[in-house]
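Chemist: Attaching a single structure in structure tokens format; questions to follow.
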Ligand code: NA
Ligand code: NA
């Protein structure tokens with residue numbers, strides 16, 4: 001029950017990140033079309049019309065670079081909880097495959113503890129970074145929106161990733177104690 | 001311990017962690033973190049770096065091609081485009097043993113050339129071509145190894161970002177470097193084709209064959225792939241023609257394949273959800289590796305191991321050819337642990353003045369260009385040499401039915417082909433230089 | 001040695017600023033301290049991160065010393081922007097002198113309070129390097145142009161171009177892949193970045209500079225405080241007004257050889273002798289900037305007047 005709820009939260013977070021990804025793809029395509037349209041007019045020497053279109057907002061999207069950067073950071077942080085709960089991270093199992101099942105379970109629990117520690121550190125330091133960017137008032141180049149907005153969105157997703165990692169630690173230790181791995185056999189593909 | 005010793009010890013530490021099944025990104029990150037603690041005596045530096053480094057790594061504009069191309073690959077699959085492409089390739093090459101794998105290597109090279117990143121190439125081809133190769137009866141290890149190796153070819157095909165960086169660091173002409181990369185690039189492709197045909201002779205069960213298809217049917221299959229060819233041509237043409245950046249090209253490709261899939265009725269809400277989730281998992285683990293590598297590389301630079309080791313090689317006063325070979329071996333080893341760009345930025349400024357001062361019986365410019373191409377190739381080989389190779393990790397992680405050891409075994413054939421090629425290029429500089437010779 | 005300091009910056013080691021300014025400065029400190037200070041140099045962002053993070057790296061102690069373009073962190077150092085106004089500066093040494101003096105008066109305890117500043121300077125005249133020739137402001141319409149700072153991007157916007165913001169190491173890739181059609185940088189950096197190979201047109205201005213950028217060489221305050229007094233004195237003696245003025249002069253002097261490379265390649269160089277059209281088009285930036293400064297509680301007009309007076313007084 002608990003596991004299904006956690007899985008739903010992780011999938012929802014990944015989907016939000018995925019929707020941001022689709023939004024960025026759309027934004028980039030719109031920007032390219034605007035640029036192409038304006039470029040054609042400019043090439044024909046019609047500066048006045050090109051300028052008018054630009055004023056109407058038909059042209060490349062201002063700050064598309066920085067929107068992609070800000071949005072992508074959030075999207076990738078939003079993907080991490082799902083990676084964590086499905087064990088999607090890449091690892092090498094050539095030596096450990098010979099371990100007895102209980103040994104492998106202990107090893108996996110230890111690794112999960114390390115992972116949770118690292119994700120907690122990442123989230124905590126991102127919190128520090130968000131605060132520092134908030135204090136400094138740094139903005140982006142073109143749209144000049146405060147850079148901490150993007151940090152805050154990422155922090156939200158990074159915190160969830162850390163939380164999920166802690167939950168996974170509990171599951172792994174449960175597996176060590178009971179030898180019951182049913183919850184961990186998720187769709188890793 | 002001195003920082004230098006800490007840096008040197010970090011290599012075995014990293015290897016142990018990786019073989020203990022610690023996820024690659026996590027292993028690199030932890031080694032870097034502990035290393036920084038040992039070097040500075042406190043966790044302040046490591047923690048301070050993390051205030052912004054996770055965010056800036058994930059927000060890297062050039063790397064945003066990875067999720068976009070992955071999504072494109074997914075749409076191409078659900079819209080039947082990947083299958084159609086492989087059907088067409090099968091028509092022409094399927095009756096030859098290993099033919100479809102050869103087509104996949106070609107696709108990897110073409111794709112790597114446009115996106116400029118071996119990592120993104122490996123990920124995208126793993127998404128699109130891996131299931132197809134498996135469907136055509138190719139063994140798991142052979143399929144993953146073929147795609148991992150194919151992914152390294154793109155770096156020799158312009159516009160290669162790393163070649164541009166090398167040109168800047170060594171003040172060489174970019175156009176000449178691009179030209180010089182041409183013959184070695186073709187040699188590499190030929191070498192891989194040869195490797196595949198040898199491999200399928202040694203292990204006939206590793207690849208399936210289909211009966212030959214009549215020509216009419218071949219062209220019919222080709223005709224069916226025109227929508228996806230249009231998308232591909234738009235992406236490639238747009239990037240080469242300077243109409244858009246690789247990232248923008250990736251967005252156009254994702255949008256184009258999505259529209260085709262939608263038109264074919266293959267893109268329901270449920271399918272889209274699945275696509276986003278699978279893209280999320282792959283993107284997540286790739287970026288965690290990138291973050292770990294960036295963090296580890298910063299630590300390694302601080303210990304000055306790459307710089308000091310390069311300086312040491314240089315001070316020994318060996319014969320020119322010995323120095324060159326030592327440097328290439330050095331790159332091969334470090335290529336296992338560091339990403340290509342960091343390694344070039346750290347070491348080329350040290351090696352280059354030495355190499356250009358040695359007498360190879362050529363002009364300084366020729367030595368510079370020859371050396372650049374060799375370094376580029378060796379660095380990329382590092383991505384597929386066992387035990388630690390980024391391309392191997394990424395592709396293998398995409399096929400849960402194939403164990404790492406199978407991938408390792410098969411990829412050795414491609415590594416052998418790479419090493420033979422490097423030896424040929426070292427022995428005959430003319431292969432690299434004949435196009436730019438006055 | 002007693003102290004090892006890490007100097008982190010974004011250009012490759014053989015670029016003009018590292019070679020002619022930073023290395024010379026670091027070597028002088030190493031020599032003057034009789035080798036008790038060692039300065040390890042990390043070019044090309046080798047210690048990790050991206051150029052806009054350099055300032056925070058100095059504040060947080062990721063590096064002991066950093067050199068950066070102030071404009072990479074928009075919104076944080078508003079007073080420095082006075083020197084980035086279009087057609088405002090005519091000589092890099094004079095502007096660097098004014099910049100240091102105004103840093104001491106107005107910026108030390110405000111925007112730069114979190115770092116120990118060692119030097120402040122500006123580069124030589126900003127030049128437009130483009131694929132297509134640019135001879136009049138109209139030619140900028142719709143051109144994707146790279147600018148290094150908020151102020152330069154505003155300038156490009158006023159001229160009708162589509163500004164794209166990116167740090168200088170990203171330029172060759174952006175030009176070779178058509179991400180941008182034009183870049184704005186001084187001559188001095190074009191050589192290292194291969195710009196004359198990637199574009200064939202250059203547009204420069206007689207008289208006042210189209211724009212310039214402000215730089216800062218800054219140190220982590222704790223790293224500075226940890227130095228014994230005699231070593232602090234060594235660092236102080238090599239830093240400050242004289243160092244800043246020299247750095248500005250050296251950087252502007254490095255323009256000529258780089259320009260000669262473009263000439264030798266046969267590239268087209270357009271010199272705008274009468275920039276009045278350009279000045280008129282970019283004039284709104286002054287009023288907008290003064291209003292922005294007012295909103296931050298800063299008297300922009302007073303900064304403009306003071307900078308003008310200090311630049312005029314330089315060398316007299
Ligand atoms: Na390439
Ligand atoms: Na390797």
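All positions are counted from 1 along the displayed chain.
Using N, Cα and C of the backbone, Cβ positions are placed for all residues, glycine too.
In case it's useful when we look at the structure, here is the feature table from TrEMBL:
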- B:13-431: domain 'TRAP C4-dicarboxylate transport system permease DctM subunit' (DOMAIN)
- B:6-39: transmembrane segment (TRANSMEM)
- B:60-81: transmembrane segment (TRANSMEM)
- B:101-124: transmembrane segment (TRANSMEM)
- B:145-168: transmembrane segment (TRANSMEM)
- B:174-200: transmembrane segment (TRANSMEM)
- B:221-243: transmembrane segment (TRANSMEM)
- B:249-272: transmembrane segment (TRANSMEM)
- B:284-305: transmembrane segment (TRANSMEM)
- B:317-337: transmembrane segment (TRANSMEM)
- B:344-362: transmembrane segment (TRANSMEM)
- B:368-390: transmembrane segment (TRANSMEM)
- B:411-437: transmembrane segment (TRANSMEM)
Chemist: Tell me whether the transmembrane segment (B:317-337) sits in contact with the transmembrane segment (B:249-272), defined here as at least 3 Cβ pairs under 8 Å among residues 6 or more apart in sequence.
Modeler: no
Chemist: Would you say the transmembrane segment (B:60-81) and the transmembrane segment (B:249-272) are touching, if the rule is that at least three C-beta pairs must lie under 8 angstroms and be 6 or more residues apart?
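Modeler: Yes, these stretches are in contact.
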Chemist: Give me the stretch from B:60-81, B:174-200, B:284-305 with the greatest number of Cβ pairs under 8 Å to the transmembrane segment (B:221-243).
Modeler: B:60-81
Chemist: If we skip the immediate neighbours and take only residues 6+ beyond the ends of the transmembrane segment (B:60-81), which ones have a Cβ under 8 Å from one of its Cβ atoms?
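Modeler: Distal contacts: 115-117, 119-120, 123-124, 127-128, 131, 161, 225, 227-228, 246-247, 249-251, 253-254, 256-258, 260-261, 264, 266-267, 271, 275-276, 278-279, 282-283, 286-287, 290.
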Chemist: With the transmembrane segment (B:344-362) as the reference, find which of B:6-39, B:174-200, B:368-390 contributes the most Cβ pairs under 8 Å.
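Modeler: Answer, by Cβ pair count: B:368-390.
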Chemist: Give residue numbers and ranges for long-range contacts of the transmembrane segment (B:368-390): same chain, 6 or more residues beyond its ends, CB-CB under 8 A.
Modeler: 14-15, 18-19, 24, 118-119, 122, 145, 148-149, 151-152, 155-156, 160, 162-163, 166-167, 170, 172, 176-177, 180-181, 184, 188, 289, 293, 324, 327-328, 331-337, 339-340, 343-344, 348, 351-352, 355-356, 360, 362, 408, 411-412, 414-415, 418-419, 421-422, 425-426, 429, 432-433, 436
Chemist: Take the domain 'TRAP C4-dicarboxylate transport system permease DctM subunit' (B:13-431) and average the pLDDT across it for me.
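Modeler: On average, pLDDT over the domain 'TRAP C4-dicarboxylate transport system permease DctM subunit' (B:13-431) sits at 84.
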